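Asker: Here it is, the structure, as structure tokens.
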Amino acid sequence: DALALAEVDINLDYDASLLSGGQQQRVALASIFLNQASIFLLDEPTSALDKKTALSIMQNLTEFAQKENKTIVMVTHDAELAQRADFILTLPKNAQLQDEEV
């Protein structure tokens, strides 16, 4: 169950506007388990979660991605979370990106 993998324990009839930030974030992450896309772009996907919950959910997402042959591209400031990735691209502090014509 997608909600269980994202560690969400709410009644689906509950008013979404009353969910906490962490609950909203977990519901959004749960949608990944139901989505047919092959690539998911996540921007600070666990920023509103405590460390234990964040690591647990990301473990579930990682296992899901590997099993279903999905790719997750994630932006995070959480070094421990980043270390779980297969590939890390680090953008140094104050770095400037440049556009190049291809």
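The first residue you see is number 1, and the count goes up from there.
Cβ coordinates are placed from backbone N, Cα and C, and glycine is handled just like the others.
TrEMBL: automatically predicted annotations, no manual curation.
The annotation domain 'ABC transporter' is assigned in TrEMBL to 12-47.
Quick one: where do these features end up spatially?
Answerer: Here the domain 'ABC transporter' (12-47) has long-range neighbours at 2-3, 5-6, 53-54, 57-58, 60-61, 64-65, 69-78, 81, meaning same-chain residues at least 6 beyond its ends whose C-beta is under 8 angstroms from one of its own.
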Asker: According to DSSP, how is the domain 'ABC transporter' (12-47) divided among helix, strand and coil residues?
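Answerer: Secondary-structure breakdown of the domain 'ABC transporter' (12-47): 15 helix, 5 strand, 16 coil.
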